[in-house]
Amino acid sequence: MARRRQKKRTHLPADTSKTSATGVGQPLNVSASRTPKTMVIRIGAGEVGPSISQLVTDVRTMMEPHTASRLKERKSNKLKDYTTMAGPLGVTQLLLFSRNVNSGSTTLRITRCPRGPTIHFRVKNYSLCKDVRKSMRNPKTPGKEFSTPPLLVMNGFNTPQPPKPDGTPGRPPPHEMLLTSMFQSLFPPISAQRTPLASIRRILLLNRRPVSEADPKDGTTSEYVIDVRHYIINTKPVGVSRPIRRINAAERALRAKPTGEKGSKRSALPNLSGLEDIADYMLDPGAGGYTSESEVEEDAEVEVLPGNSRHTVKKKRAPKGPQKRAVKLSEIGPRMRLEMVKIEEGLAEGKVLWHAYETKTKQEERELEERHKIKKAERDQRRAIQQENVKRKKAEKEALKGKKRAEGKEGGEEVDNDDDDDDDEPEMWDDDDFEDEDEGENEEDVEMEDE
């Protein structure tokens with residue numbers, strides 16, 4: 001028997017690397033991958049306004065590559081719709097932006113799927129990416145920096161605590177520990193031994209500082225605020241004058257450029273036709289030689305060891321010994337100033353674990369705990385009653401179908417019995433009738449012939 005042809009050019013072979021030892025593929029849930037995945041959502045797509053919509057787009061760009069950058073929201077979509085799809089898609093965190101129509105304030109909620117907790121922030125100030133680029137003299141245009149997640153840098157998240165009576169250092173409050181772990185879980189962890197240095201191209205800075213250091217015009221009533229900044233990392237070799245760097249860059253550009261293609265002015269070799277000696281170009285301060293203004297500050301210099309990681313591409317031999325490079329950060333936005341308001345237990349619903357403005361006594365906390373227990377018991381009771389009603393209605397429906405089916409069978413048997421009473425045997429044609437008709441026709445034919 002002929003075999004069925006398989007298209008080898010378009011059909012790829014089955015990938016067995018994601019198959020477990022039992023031969024079953026990994027499910028599309030959180031346990032299938034340790035890489036955190038996020039969804040940045042605007043609640044009330046048509047009510048938040050164009051500025052918040054653009055802020056959501058910028059935050060999605062900042063959270064790339066493990067985020068839903070092309071997500072489309074609708075006015076009819078509820079939070080339950082996103083939480084339902086978070087499990088099959090492997091989403092671990094949701095960033096929910098909303099805007100209060102009456103006060104005009106913007107709120108950010110960061111929740112962990114599927115059971116919380118949820119941290120509420122008030123966005124005091126924010127600047128879009130386009131505003132940050134306009135404020136800079138030489139804005140940096142990002143390229144392939146978004147193919148890898150950013151490096152998370154958290155500053156000031158450890159509040160100094162007095163030591164315990166036994167001399168051991170004091171533990172930070174639970175809400176601060178939860179805040180730190182929530183931000184750390186937004187991005188995959190890095191390893192100093194395994195993570196290639198070339199993959200770190202962006203930095204997400206979270207600076208937590210007291211309100212006394214913030215702008216008093218903000219009207220912030222909480223104790224701390226968090227400043228969010230987003231940067232691109234630029235590195236340049238140090239210890240080489242600018243003329244030599246220009247010559248090296250032009251030489252690399254000429255080698256990489258195909259034959260016959262015209263290069264730009266920046267990649268072309270410098271014009272030395274008006275000079276008598278190469279020293280005039282190398283030692284000329286106007287050409288960018290060794291001057292104090294052209295060199296990088298010593299604080300920005302770092303030593304980079306040659307990479308021996310298995311992720312590096314072995315195209316050419318790595319240089320021996322450390323290299324000195326200047327590290328410079330270029331901000332690309334967005335900017336945000338966040339104020340933590342409260343922490344809820346569940347996924348955007350549940351009892352409040354911590355609040356910035358309200359403080360409860362032990363008696364009030366016990367009363368709230370009892371109230372939550374009563375609400376939970378009532379909710380469980382209603383769910384049990386609904387399940388029983390569904391089962392009862394389903395059983396009644398099946399019984400009604402069975403009754404109609406039985407009545408239909410009984411009605412069919414009565415009709416058959418009436419027919420049997422009239423005539424037990426099926427009706428048959430009488431051959432004598434046909435014979436008489438044939439004889440009559442033959443007689444008429446004979447009479448016609450005689451005439």
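Using N, Cα and C of the backbone, Cβ positions are placed for all residues, glycine too.
No curator has checked TrEMBL annotations; they are predicted automatically.
What TrEMBL records for 1-11 is compositional bias 'Basic residues'.
Residues or ranges marked as compositional bias 'Polar residues' in TrEMBL: 16-33.
Counting same-chain residues at least six beyond the ends of the compositional bias 'Basic and acidic residues' (359-385), those with a Cβ under 8 angstroms from any Cβ of the stretch are 350-351. Here TrEMBL flags 359-385 (among others) as compositional bias 'Basic and acidic residues'.
Annotation source TrEMBL lists compositional bias 'Basic and acidic residues' at 395-412 (among others).
The compositional bias 'Acidic residues' annotation in TrEMBL covers 413-451.
For 38-349, the entry in TrEMBL reads domain 'Brix'.
The region 'Disordered' annotation in TrEMBL covers 1-33 (among others).
Here TrEMBL flags 359-451 (among others) as region 'Disordered'.
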**Asked** When DSSP states are grouped into helix, strand and coil, how many residues of the compositional bias 'Basic and acidic residues' (359-385) land in each?
**Response** 24 helix, 0 strand, 3 coil
**Message:** Can you give me the average pLDDT across the domain 'Brix' (38-349), rounded to a whole number?
**Reply:** 81
